[in-house]
Amino acid sequence: MRYLTAGESHGPQLTAIIEGVPSNLPISIEEINEQLARRQKGHGRGRRMQIEKDQVKILSGVRHGYTTGAPITLVVENNDWTHWQGIMSAEPVEEGTEEKRRVSRPRPGHADLNGAIKYHQRDMRNILERSSARETTVRVAVGAVARQLLAPFGIRIGGQVLQINEIVAKRQEVSLDELIARTEESPVRCLDKEAEPLMMAAIDKAKEDGDSLGGTVEVIVEGVPIGLGSHVQWDRKLDGRLAQAIMSIQAFKGVEIGIGFEASGLKGSQVHDEIIWNEETGYSRKTNRAGGLEGGMTTGMPVVVRGVMKPIPTLYKPLMSVDIDSREPFSASIERSDSCAVPAASVVAEAVVAWEIASAMCEKFPSDSLDDMAENVRQYRAYTEKF
Ligand SMILES: Cc1cc2nc3c(=O)[nH]c(=O)nc-3n(C[C@H](O)[C@H](O)[C@H](O)COP(=O)(O)O)c2cc1C
Ligand SMILES: C=C(O[C@@H]1CC(C(=O)O)=C[C@@H](OP(=O)(O)O)[C@H]1O)C(=O)O
């Protein structure tokens, strides 16, 4: 499977085209919209989220509720477009007749300056419009389709926030069902009830100070068969692909699988997961420090991926920058902004992980139709249990 996204933050819409989704897969528009709504929530979001009410439109590839195997086009319209039509118009405008909201003072941490130099743009709006994480809207819609492809195989995904700024959540041993239910109730998508108000207070304080905060999110996938991905070629290793997916989310600067960076300080005997076998389910592991991946392939244990999001670059009390017209020092430009988007980003992280797992399923099993795929997954599972 593959997909592309298109669209600007303040343009008319975001679009995704997905190719390779098996035919005969039931698609629920409500479920896609539920995922879009989850991404819009979270303490620390800016005013834009009050303007938008993201809803998907399916323009191709789905008929009477089922995929046909043809490319699927997903669209999410920007309500904010009504305020930006002239500024973002594709039509030529006469010089001086239209307010362009030109950006000439690049924000440290955003794509503004590098993009402007690379693409020969004197108006950095032409960069920020596309680098904006508004794009994650359609990535979540794509992830929602991937989730619907995984659901018939009992593969389920949850996510949580583990840290915001200095506040680290205490680890909670809960089932995936409980994690999914409880994070949905939390304004910061955190299971630790003691950390939650501290995180919210830290976000409020940062906002008050004109500052921003980052943090850590975790995604867990259960029900994955053994052997997705491959050890035989670098670009087929599923751990590498998951890392790329997480790092492709705007503002993500770190990724780890299983115990990740902690492994550097431990001995092999403290890191590797002992192998066990039983007659009913076959091979398994005593622990899951590997986060469900060894040799670029799934072990059958839950896949556990964490990502670190840096603090949002746009600051209401801006850092110093340089104006590209005068080359004089100036405060960076201020665009309307979130002060912390870690809870929203955890929903995006779930989506991109869902996509990678679903893609790996389609590579492992014949996937022209859901019927082919279901039969092959059933046979393969019976085989792995007996191996
Ligand atoms: C859900 C989400 C919301 C974001 N909101 C903002 C925002 O309001 N203001 C901002 O400057 N950056 C925001 N970002 C981060 C920028 O888009 C990102 O830092 C920028 O594109 C530069 O890319 P890089 O940080 O990956 O290098 C957000 C990121 C995510 C994932
Ligand atoms: C629009 C979204 O996030 C945006 C991501 C973003 C950025 O620079 O990444 C900047 C802000 O855009 P605006 O200036 O229009 O408020 C955020 O609101 C969204 O998540 O849907």
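If you go along the chain as it appears here, the first residue is 1 and each next one adds 1.
Note that Cβ sites are derived from N, Cα and C of the backbone, with glycine treated the same way.
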Among R105, R156, R336, the candidate listed by TrEMBL alongside R130, S131, S132, Q250, A251, G295, K310, P311, I312, P313, T314 for FMN is R336
Spatial neighbours of the region 'Disordered' (92-113) not adjacent in sequence (6+ beyond its ends, CB under 8 Å) are 86, 122-125, 127-128, 131, 310-315, 318-319, 321-325, 330-333, 335
Quick note, S132 (FMN binding site): same-chain residues at least 6 apart with CB under 8 Å of its CB -> E8, S9, Q250
Most Cβ neighbours within 10 Å, among the binding-site residues R39, R45, R130, K310, goes to R39
Note: in the chain of T314 (FMN binding site), residues six or more apart in sequence with C-beta under 8 angstroms of its C-beta are R107, H110, S212, A332, I334, E335, S337
Longest inter-residue Cα distance for the FMN binders R130, S131, S132, Q250, A251, G295, K310, P311, I312, P313, T314, R336, rounded to the nearest angstrom, is 44
